[in-house]
2 protein chains.
Amino acid sequence: MYENFEPAGSAIGYRVTRKLDEVQSPFQKIEIYESTDWGNLMLIDGAMMLTTRDNFLYHEMMSHPALFTHAAPKRVVIIGGGDCGTLREVLRHPGVEQAVQCDIDEQVTRMSEKYFPELCESNGDPRAQLLFDDGIAYMANCAPGSVDIVIVDSTDPVGPAEGLFNKAFYESCFRALAGDGILVQQSESPLVLLDLIKEMRGEMRKAGFTAFQTLPFPQPCYPTGWWSCTLARKADGFEFREADARGKAFATKYYSADIHRGAATLPPFVAGALDL
Amino acid sequence: MYENFEPAGSAIGYRVTRKLDEVQSPFQKIEIYESTDWGNLMLIDGAMMLTTRDNFLYHEMMSHPALFTHAAPKRVVIIGGGDCGTLREVLRHPGVEQAVQCDIDEQVTRMSEKYFPELCESNGDPRAQLLFDDGIAYMANCAPGSVDIVIVDSTDPVGPAEGLFNKAFYESCFRALAGDGILVQQSESPLVLLDLIKEMRGEMRKAGFTAFQTLPFPQPCYPTGWWSCTLARKADGFEFREADARGKAFATKYYSADIHRGAATLPPFVAGALDL
């Protein structure tokens, strides 16, 4: 099973044994495959979303750097993230009092519950709230200053997720976030999509954010195998709670205080392309 | 054009426009393709070796971490490395007095001169010596203590390169290296081939090396898009010449002192698998 990435002129494939499921939701086509080496695979509209084996890289990096950068994150909103893997990581932080996950497509969560149950093991946490609704409207309607961290865990900026990559959406996030709030968004491949990262940071800046940090990490199932998240803050600076990260009471497979620090220093060619 | 990686159950593909060349050497089949987004591609026996666009990641990480770890590297031997990209990076270090590249297959270098000329731009450097010979025999015949750094820049441990991944070869390297010498070898994907890295380090230890360091880095054209090199020292410790790395007089695209430091701290799941 191969997925061709038109913008990158490259492809990634997996040896699959069978198709386990397929559902056409009102928003997109979701397919589940069983593979020989990577566990189950979820594809949305033909694009690889996650594998059992390597999703920990993405989910840990979408959550822990932001949560260990904020001084005391209590109220977290996840836009997208229907597979619930990011939610699970967020809820590992004992200080989090409320985590709202707002994905437009309930079928993504239903498929994840069935084929990636380990990602959904915190869905019953009393702090978790699962909404199946339009994330753009949700952020627009949030009470000002009511959120500590917004995590945009979406598909690529085409189709349903297109509206999550522009100034209007970032303005909603800016307004919803408290003064020390952090927005973090998956920001595609730092090897081939540097223009997108630069544009994203530009739109975030126009929306009022003043400080930005792009963290690369490996992610085999996404184009080029190298991915990134981008953090934006209203306030300046990205010093993280390194002592807390070192002393955390939960286990991680990829994230660590050292990995966090290492990811924060971009390779020269990435920094150069972003005019840093 | 797709390459299937049997041991990983995955594949990587490139959108190619045409085949530019093909040669069957006495050792292997070398193919050159032109691609839409990645420049030229070189495949050996069907396995992707390098692309114009992303080879800098590999070549910089195969050379600069080792050269900036050794206190004063003067004599460097590259086993394999026929595309000459590692040689070019090694010769950027003004302190290097001699760099011997010993690849068994002259055709790799001839193809690289033609289709990757930028990698061969230092081949005429008076410090460079290009040999087309058996790297195992070359290392076995090196005068004891005559080499500061051995770089094993080979294909995977099957076919011609198989003999570069065992105790006998590492013993030759150990003997050829001076007391503060460093061996560095490409060590496959830290995501799916951790057993190989562990075995490699075990064989290096049996050959007499006492300290090891595995550095991961992104490499889109290799399986999983995440690769590694492993350094071995006779002496203990891997503190590198950080001030020299920061003040280096040549440009790099991926390598930097910060990237070096970051790569040196392994993610928990890699460290765990290596019993570190």
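Using N, Cα and C of the backbone, Cβ positions are placed for all residues, glycine too.
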Checking TrEMBL, the member of B:H59, B:H260 that binds spermidine with B:D83, B:D153, B:S154, B:T155, B:D156 is B:H59
Per TrEMBL: S-methyl-5'-thioadenosine is bound by B:Q28, B:D103, B:D134, B:G135, and from B:P7, B:P157, B:P160 the site also lists B:P160
The correct subset of the recorded positions B:Q28, B:D103, B:D153, B:P160 with a Cβ closer than 8 Å to some chain A Cβ is none
CA pair B:S154 (spermidine binding site) / B:Q28 (S-methyl-5'-thioadenosine binding site), Å rounded to integer, equals 13
Note on S-methyl-5'-thioadenosine: the CB centroid of B:Q28, B:D103, B:D134, B:G135, B:P160 has further same-chain residues inside 8 Å, namely B:F27, B:G80, B:G82, B:I104, B:D105, B:S154, B:A161
Whole-number Å distance separating the Cα atoms of B:D156 (spermidine binding site) and B:Q28 (S-methyl-5'-thioadenosine binding site) is 13
Reduced DSSP state (H/G/I helix, E/B strand, rest coil) at B:D103 (S-methyl-5'-thioadenosine binding site) is strand
